[in-house]
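*Asks:* Next up is a structure, given as C-alpha cells.
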Amino acid sequence: MCALRLTARLLDTASEKADRAARLWLITAMAGMAVLVAVQVFSRYALNESLFWSEELGRILLVQLTFIGCAVAVRAGAHPGMDALVRHLPRRGRHVTHMLVLLAALAFFALLAWHGARFAWFVRHQSTPALGLSRLIPALPLPVGGALSMLHVLAILARHATGDRQGGGDDGLADHASDTPSPTGDRP
C-alpha cells in the first residue's frame, strides 16, 4: 500500500505541475488572441489593410486553447456530467460508476493522444498556407492535451485507489445532491 500511496502522490504532484504549466500557456495564448484580434481590427479599419496571417494564427491559438483547456478542465472536474440517475445511487454505486467513467475517459484520452501524435507526425512536413509553419505546430495540441488529460485522470484514479479524496478536482462523490455546489457556487 505504501508504493500505491507514493505513486498516487507522484502522479498528483506531476498533475499539479502540468496543470500550472498548462494554465500559464492558456493565459499566454488567450492574451495573444486578444492582442491579435485588436491588431487585426485596428489594421483593417484604421489602416484599411488586412493582416493575411491573423486568421491562421488565431485558429492555431484556438485549437491550443481547446485541447490544453480540456486537460485543465479534467483536473478541475469542470466537464459537464450526466448525474441525474447517478446521484440517487448509494455511495458505493456512485463510486463504481465514477470509476467506470474515469476508465472510459482514460481510454478516450489515450486514443486522442495516440492518434493525435500519429496525425501530427504525418503532417509534419506540410506547411500552413499563410505563416509557412510546419503543420506539426497546429496539430501538437491534440497529443499534448490527450496526454495531459490522461495524467490528470490517472492522478484522480490513484487518489481513489488510496482512498484519498483530496487533490486536484471534484471527485463527483458527494454524499447528497445538496452537498454538491452548483457551477455558480450556490447550493441547490
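Glycine is no exception: its Cβ is also placed from the backbone N, Cα and C atoms.
Just so you know, TrEMBL annotations never went through curation; they're auto-generated.
Residues or ranges marked as transmembrane segment in TrEMBL: 24-47, 59-78, 99-117, 137-158. Sequence annotations record features per position, and here TrEMBL assigns domain 'Tripartite ATP-independent periplasmic transporters DctQ component' to 33-161. Residues or ranges marked as region 'Disordered' by TrEMBL: 166-188. What TrEMBL lists as compositional bias 'Polar residues' is 179-188.
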*Asks:* So which residues does the transmembrane segment (59-78) touch in its own chain, when a touch means Cβ under 8 Å and the partner is 6 or more beyond its ends?
*Replies:* 15, 18-19, 22-23, 25-26, 29-30, 32-33, 36, 105, 109, 128, 133, 137-138, 141-142, 144-146, 148-149, 151-153, 155, 168-172
*Asks:* Excluding the flanking five residues on each side, which residues at least 6 beyond the ends of the transmembrane segment (24-47) place their CB within less than 8 Å of a CB in that stretch?
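*Replies:* Contacts with the transmembrane segment (24-47): 54, 57-58, 61-62, 64-65, 68-69, 72.
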